[in-house]
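One structure is given below, encoded as structure tokens.
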Amino acid sequence: MARNGEDCQSWSVLLDAVGLITCRLARMDIGLTLLLSARGWLYGFTGGWLADPESIPLHRFVGWWAIGQSAVHSVCYLILYMVQGGWSGLLENCFPTPLPHTLGLINFFGVAAFVVSIPISIYSLPMVRKRVYHIFQLTHLPLAILFMVTSCLHDFQILYFTIPGIVNWYVGRKKGETLPASAKLLKGTSGPWVELSIDCSSISSSYMNSSAPRGQWASIRVAALGREFHPLSVVSSSRIDGSTYLSALVSTKAGNWSKALSKLADFEGHGSFLEVEVDGVHPVGGGDWSFRGSMQENDNDNDADLGQPAILLIAGGTGVYGWLQGLATSVASGRRCVHLIWCVAQEPDYEALSERLPVNQDIRVTVYVTRGGVSGAQSLLGNGGDLVGKFVTKRREREGMASLAFQILLATLAPMAVGRWVWEEWMASRVGKANSTLHYAITQRLLPIILIAFTMKLVFIAFTTMPTSANNVNATSPDDESEESSLTERMATDKIKYAAEKSTSSYHHEMQFGRPNIADVITKEIEEARTIGRTSLVVAACGPNALVSAARSAFVEVVSKNKGFEMQFTGSESQW
């Protein structure tokens, strides 16, 4: 009997130790999961290296760790209570019982969080998420909020770890704007493709973040297709009448939502007018390179541009669309040594966007048609995309980022201070003794959460009610206006110049049939970069997952053979 008692005690110590360790790890993982779900902060924090496309895989990875650690914690203590007291001990310690016993209520919230984590896990499985994405989209956020609330009711300390993520998520999640849009089916394209054009003339010009160095994206919901938001690469443009637009390109092969969009776009054989809600626009991460050049007035002066890396862009299908604005910017700003490799399934894919691709000596465009034969499409030339919208100057960006950083810092520290010193040191002992289990749940578990959330909200209200002249990052000074005007005029002049040169230019888009050997392409780019004095190369890939993976593998292979040459790679799926 003594031996059995010692074994039981050893198991209890082990289960208790594992439960405590996983509790601490779960706190940290939950906080990181929330931080990685926030939009915008990661881009600024990493200097542009990471943004939402890179944070989504990290969010999933850390989220699985958080769910896993929480599950291990729950199972360990369920077994511990069974070992110590059998079924009666389990019921007593995991379900609410009359006061003064409070452990049952506290653990009941933990059991509730464990139960909520089960559907979160099921719908987050890749094979399930892709099949029923609309259900995942509708349930993930409500279930995640319920999981967070029950977890904080179970373990108040978790709330401190979640505050930074909640604040950044709240700041990054702008209120959606309902805007008019049109959807046009690009017939003959593989898929086929649908071009979505959104009229943004009624909103702030800062919405059109044309200064994003590597492109931009937005989360878009089409009202006629339900409540699903989808992240899409977008380009902004100005029309002759002065209106501004956001455009996105969607392939119907992407899933059920895109197929439904194509049916709307093909309504009665012509385009369809829609209402959409836009959350964004956000910059794309992926390093410190930029489409913008040195902006030297003398186009023959290469000195300022030599310090910039050569750029190799590898796109597949609709993956090129998000780079069209950057390529147009590159032409107008004098950026040199850019090579675009665009893989399309058939020639009509190229024809649909050929007029938006640049024709310029400093930007090479090579199109690979993976299916089909030789035809007259190779003679098609383009003169660049639509004129991009107004630029937000770097100085204004720094002012806006400083104000935003201060707001985030204050909204994070103030609730923590209130929770630690106002609640724990003062209020907790003064709210009065609970006379029932429900009274205890409200005053000792729910009240501190409400207090901290209220403090956080007060900070945001304080910032929104401050004078706009001091905090409105969209306000434009005379110097900013002159900078924007000169840059926009410069781009307009260059656009006209390149359009005029089209008829006599010897530059064209090279067309090849088959699939490129990406390793050979990267190697040739390195050789050409060296011949003109470049010391670094950026390889960016966007398109189907298979293409991005192949480009990444080829990059690793080439890097191992060219260790003396500085190289960096960035890649993401075109649908994100």
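Each residue, glycine too, has its Cβ placed from N, Cα and C.
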TrEMBL annotation of transmembrane segment - which of the ranges 20-36, 156-172 it falls on: 156-172
For the domain 'Ferric oxidoreductase' (25-149), the number of residues DSSP places in helix, strand and coil: 106 helix, 0 strand, 19 coil
PLDDT averaged over every residue in the domain 'Ferric oxidoreductase' (25-149): 87
